[in-house]
Structure formats: C-alpha cells, structure tokens
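I have placed the structure first, in the form of structure tokens, so that the comments after it can refer back to it.
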C-alpha cells in the first residue's frame, strides 16, 4: 500500500468504503475524465482507432488480471477465450439475427461458461502444469475455429459482421472511430469499475485468499474449488466481452486474430502493468498496445537515414517487446502501477525520504 | 438514486451534444487536383511468406518509381508507402487504418487471411484493393465489391493442375499439401469438387509451419497411394518436400501452384531434386521471354540488376501495380479520382495489356466479375529451368 492513506481518518463506515479518499485522487480522476472526453476531438481517426484498440485491450487485460493477478491462476488461454466471445457474438448477430447488444451479452455468458469448463483442471493443477493445461485450451479452441466450416462464410471466407446497430441507431462510415470510441470507453469504464468493486466483495476477497495461500483460505472457510472455477468464469466473462467487441469493431471474425501470440501479449500487459492491480491492467493495455505503434513511428521517422532498421522492423518490435518484459521482471516486477505509486510517494514526501 | 439518475441524464445529454459536434472522418486529400496520388502497400517482407513477398513488394515499388520517372499519371506522381506487416492479420488491420487516414485512393494488399479480414472494411470505405491473394471469394463483386484479383484464382490453378494430372494418368490419388492458413485452404474444397468429376481423389494435408522436413506427411501420402503431391504453399517449404522426395527415392511428382511455382523453388531444392516436377504459374517466368518482360528488365538493368536475378514474383508485383495504376489513370481521365471512380474505371476500361506476363496476356475486369484472368501456364522443371508444357491453360 502506498502512503496514500497517511493522515486520513474516517468518521463513517461509508466513507471508509469509498473508492477514493483524498482530494488528489479526485483531481487525478477529473483529469482522466477531461482527457477521455477531449481525446476524440484532439486525435485524428487513425490515432483514435489505436485508442479504440487499447480500450478493447483494457477490458481483456482487466479480465485476465482477475484470474492471474488476483486469484493466482496462470492462464495462457486468453486468445482462445477472446475467440469464443468473438465467434459467439458474431454468429448470434449474423445467423440468429439477435440484436448486437444482446449477442454481446450472450457472448459474455458463453465465454464465462467455456472459461469455467477449461478452468476445471485448475482444481488439480498449479503453476507450470496449469499453464500448460490452459495452453491446451487455447490450442483446442483455435483448432476448432480453424477447422469447423460452420464458423466461416459459405464461400470459405471469414465470418463477416454487419456494421453495429443499436436499436435504430447505426454506426456511420464518417464517424466510425468516433462513435466506437464512446461505446468502447463505456465498456472499458464498466469493466474497470466492476473489477474494482469485485475486490471489495466477499467473492473478490476469497480470490485473493486463494492466491495468497489456498490451504489457509480453506482453513478459514473459503470454498477453494468453487472460488477457482468462479474466478475462471468471471475472468473469461470479461475476456468474452473483449472478444465480442473485437468482432463487431473489426466487422469480421477470423481465428488469425486470436493466436497464441495474443495470449502472450495479454500476459505481457498485466505483467508490465502490474499483477494484482486493476489500474495496472489498464496501464499495461496502453503500454503494450502503443509500444509497436510508437516504435513504428520512431523507426519510420528515422527511415531515410537508416533503411536497414525499417526493413527489420517486425524483428526489432519482437526484440523490444522481449527486452521490455525482461526489464520489468528484473527492475520492477510489480509493474507500471508500482512505479506510479512510487512517483506519487516521492512527490508527497519530498524533501524527506519517508 | 435520484443523484444517479441526474448523472445518467447529464451523461446522455453530453454524449448527444458531443456526437453533434464530432470531428469528420478520414482525410481525403488524395482527391486534391494536383498533389501526388497516395497508394498504400501492405507487404510481407519478414513474415511466413516473406521469401516471395519481398520480390513482389519490390516489383510494386519499382513500378511506381518507373511510372513517376516517366511522367506519372497525368503529370501527378504516385506516392506509394510500403509497410511490412509480417503476415500478421491484426497488424494488417492497423496498417490499413493508417493508410485510410492518410487519404490513400487504393490499397495493394498481400495475403488471403488479411485480404479476407479487410474485405468488409474495404467495401465500406470504398477503397479498391488488389492483393496477391487469388482466393476465389475475393473475385465475386457481390461479396467483395472493392477487391480485384489480377490472376486466375487458386481454385482455377488447382483445376488446371488436376486436369494435367488426369491427363498424365499415373494415379488417381492426389495429396494436396497446403499451408495451414486461409491461403493454403483457399483451393481445397474446389479442388476436391473438381477432382470428383475427373475420377481423382484429393486428400488435403496441412503443412505444419516451420517444419524442417516433411517425411511424416509424405509417408501419409504414400499410404494414401498418391503419386501426385499438389502444393499450395510458398517456395521454401515446397522445396523441402522436393528434397525429401528425392532423399527417400519416392515415385511422386509435385504439382506446385502459383507461390511455389518459381525459380526460388528450383534454386532452394536444387536442380536435381526439382527435376521433372510440374509448376502451375499464371505469371510468365523470365525464361518464357515475353514482351512484357522487356520494360521491367530495362528498368532493372538501369539500376544495376536484372529480372533474371529478381525472379518472376518481381514482374508479378510490377504488373499488379500496373493494373491498379491503369485503373487510377482511367479514373483521372474521367475526372473522378475516388475509390468508387477507380472501381468503375477498372470494371469498364476493358483489357489491360501486360505483354504476355499475366495469365493469357491481358487482365480484364467487369462489373460481374473481378477475376482478371483465367489462363495460366504449366511448366516442368528441365535442367533447372521452367520449360513450358502448356501456356494459357484454362480449367
């Protein structure tokens, strides 16, 4: 815990339960709100499309962090669960003519169920063994998506999804990124708030108890079996939402968007952002999604002078990605969230050390 | 509760107001009267298909340079940006959005997976898209109104290959080794259907990516009784199959389609292992010495290289870009340099001459079909060269 609570005294239980306690926290929140509202007016559509991708990643990363960061159950099956969400929502919209919001909601439920099913090995396995079991779930799901022709158009092309319609309201071509921004921002905010609040409930606390010491958790009355399965279900629900949003936003569903690399990318997001922190998942989603974009811009800018760098851009991206993860694991295993807390503490205590 | 309701009402009102004063969509400065005409190229230089993707992209880029040196289009230069997407669909989506934002008038794509994933976007954005994927669904204007395919489709190539096999008649069992991706799978169902009419049996086998040998797959094909291995993959893995066949002394003949039917296949496998294998290639190889090669060769020789060195995929990229440039030229002449204008120009302008390099020599689109050509050459490797067996073969 950072020094955030020093000198703050609560006079009511309600006040103590509030998500924010200090004025600085409210000021920062206000700044974030202003930035979120101003962003689509300041960014061009391409930059906004990157931000939209980040917002989808936020939903997915928060979901994965619930499982890995808060419950201590490692998962390499993120790509597979994203695919379940995307295909479910896509099929329900295109084949069953369900309105998009309803099919997105169904995708959340179906992915949660799939997550619970593939989470069953977690009752027996831990650590590396569980990682391999979840890797198997990724491979199985993507294998089905590759081979089952029902998940494609009749011509064999990937499933096309019509432009998002909510009631009589349809996304327009001209304002595509702008309108999606508000939808995705809403979903990301709901996901973050839901996760923040989850850890103030008994269920959320049982997740953390299982993470910290499952035998002790069982001793104090936590149903470890149920908790682990529910953690998989809840986490996968978030991931299913991210998958469904990906499907409607990109207007197509192909297994090639949900490969094993995506699972690794999401794991990197929560490691870099900070395991066991909702804010960390958000920072990580921003960082990992923006990293290749900035690298691209940076090397593209150098292009004329060092053409050999441009021709090796994907290799450089991979190398930088690997280096970033190693650097975080070595220097700050608790990620960007911890770095941010330390910065705040430094400012708060200056000129004293503590 | 009342507090929440007020907040919700304020939020709803704000979002309505925000949408009302929203900023506009992507840039459309490409339609400027005399600025350069922007075109985006999505290329695979370092990904799974980089071996053939690199010369193809170089060909596209070289054509643009050549065109600009020769007066451009109506005095306007083409400003082409090449971005390597390393055969990764999400990266292709990002690059595509960047191009749309930059105000390109057309996009040159690469793979089947990414072309199909971008199909809906391309059509919603009304941007003509010419990729190096010859998957059949991309040729149907009803399904993909802005996609154009210059060469015979993978399915057509497989049909031509199967016709040859049926005529050769060593065996009725054909093993179809394919890249394990939408590109590899594209012709499988059509090939099986066509084979049934020819009394042939086609069994598909996915080639695991990054494999260092294919002896396992070959033993499965042997069990099937296949004497023909049709390959829908790029040159490097196909060359490995040829080497394995040679090493094991198997009595099997490879029939390579498009992306492995080239000089790279022969060079990588070695002339001895490649000897006798059949290559279905819609783009005339350098050894075929078509008039269309002269222009490309002259440009390359001026720049210290030759088409012999660069290979047929360079000419393939060159003439695909040529087809798009001709569409742009016709649209400029009509005074409508928009995506819809270029689409209409391509559909109505008639045949585009490629000097015998593409298909049966010309590329022609219509409003009913975006399949630019159906004729393909069949070659057989003889002494390390692609010797023509039949030119302009159609299914």
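A Cβ is built for glycine as well, from the same backbone N, Cα and C atoms used for every other residue.
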State the residue range annotated as transmembrane segment by TrEMBL; the candidates are A:232-263, A:264-295. A:264-295
Quick one: which of A:160-179, A:180-199 does TrEMBL have down as transmembrane segment? A:180-199
Expected hit for transmembrane segment in TrEMBL across A:26-43, A:206-223 is A:26-43
If you count Cβ pairs under 8 Å, which stretch among A:49-68, A:100-120, A:315-333 touches the transmembrane segment (A:264-295) the most? A:49-68
Go through the chain and flag residues at least 6 beyond the ends of the transmembrane segment (A:180-199) whose CB is under 8 A from any CB in it; none is fine as an answer. 19, 36, 39-40, 48, 51-52, 55-56, 58-59, 62-63, 65-66, 70, 164, 171, 205, 207-208, 234, 238, 241, 245, 249, 278, 281-282
What parts of the chain pack near the transmembrane segment (A:127-145), using Cβ distances under 8 Å and only residues at least 6 beyond its ends? 73-81, 83-84, 87, 114, 118, 121, 151, 255, 258-260, 263
For the transmembrane segment (A:100-120), sequence-distant contacts whose Cβ falls under 8 Å of one of its Cβ atoms, 6 or more beyond its ends: 73, 77, 80-81, 84-86, 88-90, 92-93, 133-134, 137, 141, 164-166, 228-241, 243-245, 248
